[in-house]
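Enquirer: This is the structure I have questions about; it appears just below.
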Amino acid sequence: MVINCPNKEKDFEGNEQMLKEDVTRKSGDNEKKIFSTFSEKHRYGKVRKLLSNRIRILTWIHRYNWQWFVNDFIAGITLGLTIIPESIACALLAGLPARYGLCSAFIGSFIYLVCGSIDTVIMGPTSLVALVSVQFTVGKPIEFAFILTFLSGIVQLIMGCLGMGYIFEFISMPVIKAFSSATAILVMESQIKVLLGIKYLVAGLIESMKTLLNRYQEANYADFVMGLCAIIFLIIFESFEKFSKRSSSNKVVRLLFRYLSFSRNTLIVVITATISYISLLHNCHIPYTLSKNALSGLPNVTLPQFIVETPEETYTFWRILTELNVGVFVIPIIGILTNISIGKLTPKGLVDTNQELLTVGLCNVAGSCVQSMPTSGAFTRYAISKACGLCTPLANLYSGVIVLLALSYLSPYFNFIPEATLAAILICSLFTLLDFKLPWRLWHDSKRDFIVWLVCFVVCIVSGVEVGLFASIIINVLHLLYLWARPEIAVKIQEIDDMQYICVTPGNAIYFPAINHLRDKVLKATAQSKQRIPVVIDCHKISGLDFTAAQGFVKLAGGLRHDTTEPDVAHDSSSCQSDNGADGFAGDTLLILYRMQVHLQKLIDNAGNLVFCDSEEKIREFLTQESLRNGFINLKEHIRASIDLGYKIEIE
């Protein structure tokens, strides 16, 4: 039986079409799934990168190992024992009770552990920030210090969010060194009165010296003896570190001397406090001054009071801002500058300034809630962390825990620490910041940098560190602007196949402040030449060009379109016109822009005597044509040159 299926082909075609649609739909679904998976991975990668850029602990915690733990633990314990006496000394330097120094030494450590980008920074109070802070809070209620901490953190957070870290690139190394040396001198001078047992609190070196000279007869020799003995002790124990580096000594002995050297601040505090405690137990009179107001217990976590009431008057928030004045901006800049300086001392020498601004800002905002003074890293803690082999910011954890334990259990005993001992600790720790070898080297190698160093150092000493810092930044910026407006430009006569040309080589980008300088150099060189020869500007170093500078090249070409031997018109390109019409330019000097980037050429308008080229052969061709036009070579040389350039020569 034969069955006819007239629709068989149609059914087959329909099935084939359905199959194709099904395959297409499936492939489309697969593509959507693949694209969706790729998008999810891309999105996840961006989120992960963003988190790792802000939460820096994620970049190293998965690689943490036992060796790092040992080094960080030793460094953290050592730094914790060191930061306790330093924090108390910094609080007294800032005119605050000792307890508030310890309140500044733990909350920032925990935050920096998570977000910090510099391994060797240990957060806490510093003598530098304390010295500058006291200039804005002296004679004010104690709450001003906590509000200053909060506002400093807010300013740092705003700068970090706006990506303003590049501002600190204008601070050169001579400025940082001068700034550190001047600060060390100012802090040491401020502790002389403590060593002598004289009580006063004024801002500024000059006022402090005047007050000291007027009241030197009030000196207490017991304080001086205590401070002098503490300084001698610290110097002797500091020398133990050099002894620990001798390879001939026993390893255990070297290790012992090493940690005795690191713990010298803690040891002198324990020894002198024990002497004071035993003396008071026997009802003996203590002739030297003890630190006071070291209350026990942890601080309450609360926002600082933005309205301060005293028996005399009430300070509103705006009144507080007025009283703090520029300190709201000076303190955050000085604090972050210390961290940046420490970061540049590390082997890599690279610092994510914006991340540091955000991290230190968080430390200060959180610190203001636990009655903290402004905090940052410190050079003394950096030196100890480096010597202890610190590997990661995890040492901040151990340091912060030790400070918390001290606040909880040891605060009452801080009342037995002599103030002269704390002054000795500050003086000895800051002595290492004095660097007078650098200015001697700068005097021989770079007079400009020496002047910058000298200005910064003198202004910091006379007018305060904040004024000296800003004055130095202004000098650096002005010098950079001068280099921008007056770049190095080399001008010399060169030859190709006995054909001379003026070669001009700018040292860097040419923008509108520098174009007139370039034009003057070129026009002066062409005016001094005995014959009219082309000008070649080698532009391979010009990486940037603005519209004004581009028009300056056109005007330079116009300035070469006349007899440049006339001195009164050599520098007036606006009055220069061709005497031979737009087509000939006979007698004009050719301007060749050699090796200029193509995207920069588009900014320059066409001019009859201005050409571009990118090879030496092309320069030779232009020079040959100019020599022929000006009659500098004869016909025989012309034929030889034309053959060399590949031209067909017809001789009748």
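Any Cβ shown, glycine's included, is placed from N, Cα and C.
Relevant sequence annotations retrieved from TrEMBL are reproduced here:
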| type | residues | note |
| --- | --- | --- |
| DOMAIN | 69-455 | domain 'SLC26A/SulP transporter' |
| TRANSMEM | 73-98 | transmembrane segment |
| TRANSMEM | 110-132 | transmembrane segment |
| TRANSMEM | 144-167 | transmembrane segment |
| TRANSMEM | 221-240 | transmembrane segment |
| TRANSMEM | 261-280 | transmembrane segment |
| TRANSMEM | 324-342 | transmembrane segment |
| TRANSMEM | 387-410 | transmembrane segment |
| TRANSMEM | 416-438 | transmembrane segment |
| TRANSMEM | 450-483 | transmembrane segment |
Enquirer: What average pLDDT is reported by the model for the domain 'SLC26A/SulP transporter' (69-455)?
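Expert: That stretch averages a pLDDT of 85.
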Enquirer: Does the transmembrane segment (73-98) come near the transmembrane segment (324-342), with 3+ Cβ pairs under 8 Å (pairs 6 or more apart)?
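Expert: No, these stretches are not in contact.
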Enquirer: Per the 3+ Cβ pairs under 8 Å rule, pairs at least 6 apart in sequence, do the transmembrane segment (221-240) and the transmembrane segment (144-167) touch?
Expert: no
Enquirer: With a Cβ cut-off under 8 Å, give me the same-chain residues at least six positions beyond the ends of the transmembrane segment (261-280) that come close to it.
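Expert: Here the qualifying positions are 78, 81-82, 84-86, 226, 230, 233-234, 237-241, 244, 286, 290, 384, 387-388, 413-414, 416-418, 421-422, 424-425, 429.
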Enquirer: Out of 110-132, 324-342, 416-438, 450-483, what stretch is closest in contact terms to the transmembrane segment (387-410), meaning most Cβ pairs under 8 angstroms?
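Expert: Top-ranked stretch among 110-132, 324-342, 416-438, 450-483: 110-132.
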